[in-house]
Structures are given as C-alpha cells and as structure tokens.
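Enquirer: The following feature annotations were taken from Swiss-Prot:
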- 33-40, 112-116, 167-170: GTP binding site (BINDING)
- 24-240: domain 'tr-type G' (DOMAIN)
- 33-40: region 'G1' (REGION)
- 91-95: region 'G2' (REGION)
- 112-115: region 'G3' (REGION)
- 167-170: region 'G4' (REGION)
Amino acid sequence: MNSAVEQELAELGIEAYLSQHQHKSMLRFLTCGSVDDGKSTLIGRLLHDSKQIYADQLEAVHADSQRVGTTGERPDLALLVDGLQAEREQGITIDVAYRYFSTQKRKFIISDTPGHEQYTRNMATGASTCDVAVILIDARKGVLDQTRRHSYIANLLGIRHFVVAVNKMDLVDYSQSRFEEIKEEYVTFSKKLNNPNLDISILPLSALEGDNVVNHSAALAWYKGAPLLEVLEDIDIDADRGNGEFRFPVQYVNRPNLDFRGFSGSVSSGEIKVGDDIIALPSGKKSKVARIVTFDGDLPSAQAGQAVTLTLEDEIDISRGDLLVKSTSNLTATDQFKAEIVWMTEKGLQPGRQYDIKIAGKKTVGQIDAIHHQVNINSLETFVTDELPLNGIGLCDVSLTEVVSLDRYQDCADTGGFIFIDRLTNVTVGAGMIQNLSELSDVAPINDNVSAFEVELNALVRKHFPHWGAQDISKLLS
C-alpha cells in the first residue's frame, strides 16, 4: 500500500475514505511537448512526491534504473510511465500511457503522450478526452516546432486550459531571465491560435530535482506562483462542462422488465431536470423527463459528465444513436459540413471514398468531398493538397448519406466530433472536429442533358483541384 493511502485510511477509516474519494472532482490532463522535454519524468515526480507509489513499484524502478535508466545512480522516475520495452530501450514515449492518482482535493487521470511527429495520432487520441494540457518546454531550447504542434492540436481538440511548464530549470541555473524570455515567446505564439477563451498558466520547474512540482523550491524563490500540483488542483473545469445546450446521446435502451424502459448514456453538455420538455431526434417526437435514475437513486437534475438513465412520460420510439435535446434547443440537422480532420493510417485520405462515420452513438456512412487545405502544424501555415497523409491535419468538406443532428465541436465535443472507420477492415482511420455546418437546402435538379463524361470529369476536378470548390454534380441528378 502506498504511504498516502495508508495515512488517510488510518485517519478516516475505510468507509469515510471511500466516501471522500468518491465525491472528489475528476481532472483529466495530458502531458505533451517536444521529445526529451521530460514529460514522463514529470509524471513520475508527481506520483513520487505526492506519495502515490507503492513500495514494490519503487523497488522495481530502482532495479530497472540500473539496467535501462538515464539518470545515473538516482531512480529514473520516467520508468514509472514508459512501460513498453521499445520505450525503455529508446528512452522515449511511443504509446499513450495513462496513470491515476488523487490528492485530498481532487482525483486525476494523466495521459502521457509521445513527442515525436510520427506519433501525432497518438497524441491526438490522448488529448481528445482531456480537460487540461500540461505543455513542457526545455528551458535550454525554448519553444520548438513540436511545442507549437502540440499546442495547436490541443487547442483544435477543444482543450481550454494550458499549463506551460518550463522544465529543466536546473540546467540553466534557475535563471529568472531565461524563464521570462521563454514565457514571452510562448505568449506571442499562443496569439496565433486565435482562441480568446484559452486559459494559459506558465510556471518554472525541474522534474528531475522536484523543484516546484509538488512543493515550493528554494532554488526558485523568485517565482511567487503556486507549484504545478496546486495549479492543477485549482483549475475550475466544472464551469466549462455546465455550459451549452443540453445534449444526451442515447447509448443503450435499458429495459430490465416490462415495467421499466429507460434510456442510458452520459450528459454531453448542459443540464436536464425532471419535468423538462425534450425532443428525440431524428424522429422529432416530444415528451417530458419523468425520472433521472442512477445506481445511487433518483436525482432531481443531471449535469454534463454524469452517466444517468432517463425515463420519459410517454412511450416513444427511441434507440441507440438517437439524441435527446430540450424542446427549446437550436440544433442543425444536415448531411454536409466542414471539419478539421486528423488522419491516422498509412493509406492517405482521398476524396470520394466512402467510410463508416461514428458520431456519438450513431453510425452512418459518409465521404470526403474536397480537401480545402492541409495545415503545417509546425508553422501553422496552410497549403493545398489532394490527399491527407498519415498524421496530416486538414480542413475538409464531408457529406453523409443521411441527415444527422450535429453541433460544432467547440459547442459540444460529443455531437461535434466523429471518427472514420474503414468499411473493409473496420479499423479507425481518422478523427474529425466539425467547424461549420451547412443548412439543408432544396436543390433544383440538373438538366437531363448532363452526360456520363461530364460526371466523370467533375469527379476528377474535385479530386485533383479541391481548392476550386466544385460541387458533386452526381448528387444533384434527379
């Protein structure tokens, strides 16, 4: 048993400890930044100094440090996170590693993401479920291309809180002037992200020495702010989750007996109360919320992030993939939209190919109609391309084979984010974030004189010259 848990159990008793732990707020954060900036070491230091490591784990780290460690005689705390053999041999992070710990104020889930450019898809996967991004910068090197890339991806995936940790301050003699120089450089860069809602905290630390990670440090006496752990404990994410209109994607129809029929899932955004008027989409049927059921009993209301079962006053047809919203909701139903897409497979994304698309609990079919541009995620400049490669990020036009109720990703990640699934291999090949939605419109049929040659020529133009913005005339044929 680790010493922190043992101490709390002795003070509170088992029941009080479990009750306190259950009602703590949860914060999900990821560590990201350039290669060798010390991301895994920082997580190891957080776990070590907050007394979250079991005795046998610490013994294993001491033993492994002598074999594959990079810190000399001291234990290599990065080995607490880098568990793959290839990671330990190369001294880098490849896969996304998850670790869990708690303090007296909050529970944490940490995603340790890789820094190398070829693992951009892994980083995007880790960021997609996080509330906060801890972005590490090597005090010797300053802001690098990979720092900019990870900041861009974290911002793209809707993370609103950045904690910029200037690491390895021990290697620059804890220089305040060097810290201020890096701070100014990052603040200047962050303005290019064009996100006025971004909350950025910047602090100095040394993960290797433990300075300003969990406790204040005499070596950084000139820094008057809080250490990293305290900053993470005080970030208010509940306000972010409560914003927005009510969205409830139905994941499961719960019918244990003939007398109960409920709809289970997690509240994606907003709040719902007993008695609220709701609409089930896509059917458009209306009803009222009769009960909000949980394992611990009924609730009068539920907020974003809570997993609940809703029962309705009326028996209406609702199935997995349907969406429950309030009757006053302003939601766009469309089959076309623009989205930022992160491509995750060796075979590049090409316009015109159909994929299974999963949005919240709903599965449909769609395709890329055009690629407007790809983003150089190091410089944030854009350039024209006809194919999106592995780890590429670009703005694309997407069309679906049916009308679906959607949000912009920045308004609701669950109903504004989606994944591409290869229809032959069933492999997830890409992820998308909806930026703009197209209103449904009645299109006049094209003249019957359109030939097969013209349809084929139109397809070639859309494939090789997507920046021209040509529409798919085959869809307009009556």
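We number each residue from 1, going along the chain as drawn.
Using N, Cα and C of the backbone, Cβ positions are placed for all residues, glycine too.
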Enquirer: Which sequence-distant residues neighbour the region 'G4' (167-170)? Criterion: at least 6 residues beyond either end, Cβ under 8 Å.
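Expert: Contacts with the region 'G4' (167-170): 37-38, 42, 136-140, 179, 204-209, 211-212, 219-220.
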Enquirer: Could you tell me which of these binding-site residues, Gly33, Asp36, Lys39, Thr113, Met169, has the fewest other Cβ atoms within 10 Å of its Cβ?
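Expert: The binding-site residues Gly33, Asp36, Lys39, Thr113, Met169 were compared, and Asp36 has the fewest Cβ atoms within 10 Å.
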Enquirer: For Asp36 (GTP binding site), what is the secondary structure state per DSSP, taken as helix, strand or coil?
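Expert: In the DSSP reduction, Asp36 (GTP binding site) maps to coil.
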Enquirer: Would you mind splitting the region 'G4' (167-170) into helix, strand and coil residue counts from DSSP?
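Expert: Split by secondary structure, the region 'G4' (167-170) comes out as 2 helix, 1 strand, 1 coil.
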Enquirer: If you average per-residue pLDDT over the domain 'tr-type G' (24-240), what number do you get?
Expert: 81
